[in-house]
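Pulled from TrEMBL:
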- 35-55: transmembrane segment (TRANSMEM)
- 80-99: transmembrane segment (TRANSMEM)
Amino acid sequence: MTLLAVVLLAAGTYGLRLCGPLLRARTELPARTELLLADAATVLLCALVATSALMEGQQFAGWARPAGVLVGAALAWRRAPFLVTVLGAAAVTAGLRWAGVA
C-alpha cells in the first residue's frame, strides 16, 4: 500500500511538472503577472533564508547563526570566492559559539 502511494504521488508530481513546459507555449501571461511571479519567487527565497537563519525548530537559533549568515551575505555581496564566503561564515559562527554567544 505504501509503495503504491509513493508511485502515485511520484506520477502526479511528474505530471504536474510536465504541464509547465507543455502549456507554456499555449498560455500567454501578461507582463505584469510575469513580473509579479518573478518577485514572488525572490520573496519566497528570502523568507526561506530568514527562517533558516533565525529559527531552530520552534525557537530562536541564537545570535551566532544569524551573524554567520550576515558575514556570508556580506562576503558574497563583495564577490568573494565561494570557498572564502563559506569558510568566513562558518568561522564567525564557530567563533561566536566557542565564545559562548549561542
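Using N, Cα and C of the backbone, Cβ positions are placed for all residues, glycine too.
Those TrEMBL annotations? Automatic predictions, nothing curated.
Keep in mind that this is a model prediction, so the values were computed, not measured.
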Excluding the flanking five residues on each side, which residues at least 6 beyond the ends of the transmembrane segment (80-99) place their CB within less than 8 Å of a CB in that stretch?
-> 62-65, 67-69, 71-72
For the transmembrane segment (35-55), distant same-chain residues with Cβ under 8 A (at least six beyond the ends) | 29, 61, 65-66, 69
